[in-house]
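Written out below as structure tokens is the structure these notes cover.
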């Protein structure tokens, strides 16, 4: 009973996006946490998803609290108008494996590493390690190369049922 | 000199932190102070600072019960 009353007394969280300088998201998040502790503000968490460049997401019941907090924080530019619910940012908490969307036989382009720019065909996918094994298209001898799933870009998907 | 500069850069970006593979806690040492695990990884992404775990809904969703810095994804 007392717990229920205590739960009701806590204002509901909302998510506010704060625009930041690119690549300064983590330092802004650290500073927001520091100011929150120092000034005892009602900010509950700060989220910096890898996919969201130039923004940090702040969990707080009111936008005014966030605005007040970022006033003197370098690289924090402004609070984006409007609030999001927790369900809208929930997908950031469980990021998808990087190999999602890649299947065996696809033609991919390597985007980093010593084979950057090379085209290759996917031979094997290791979902647990988020690695793929590819064979470079332009190599004389097909040598399997294992690379991370996030350094490839899919160029064309394998046509199913069109085996020669 | 170059090494010092690189060190400063990595410190600034927070990339010197390691993530515990079990609890996703971000730390600087060699043993996770939370779960006492030595399974740490430098390859992590996504960053969360939990300030008030009792009232944070993100902390509840992540099943985090203590304040601190956490990674969203640990490889």
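Placement of Cβ uses the backbone N, Cα and C atoms for every residue, glycine included.
It should be emphasised that the depicted structure is a prediction, and the values quoted were computed from it without experimental measurement.
These features come from TrEMBL:
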type: DOMAIN; residues: B:17-75; note: domain 'Spt4/RpoE2 zinc finger'
type: BINDING; residues: B:20, B:23, B:32, B:35; note: Zn(2+) binding site
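Sequence-distant contacts of residue B:32 (Zn(2+) binding site), defined as residues of its own chain at least six apart whose C-beta falls under 8 angstroms from its C-beta, comprise B:20, B:22, B:23, B:25, B:38, B:40.
In the shown protein chains, 24 other C-beta atoms lie within 10 A of the C-beta of residue B:20 (Zn(2+) binding site). Of all the binding-site residues listed (B:23, B:35), B:35 has the fewest other CB atoms within 10 A of its CB.
As a whole-number mean, the pLDDT of the domain 'Spt4/RpoE2 zinc finger' (B:17-75) in this prediction is 90.
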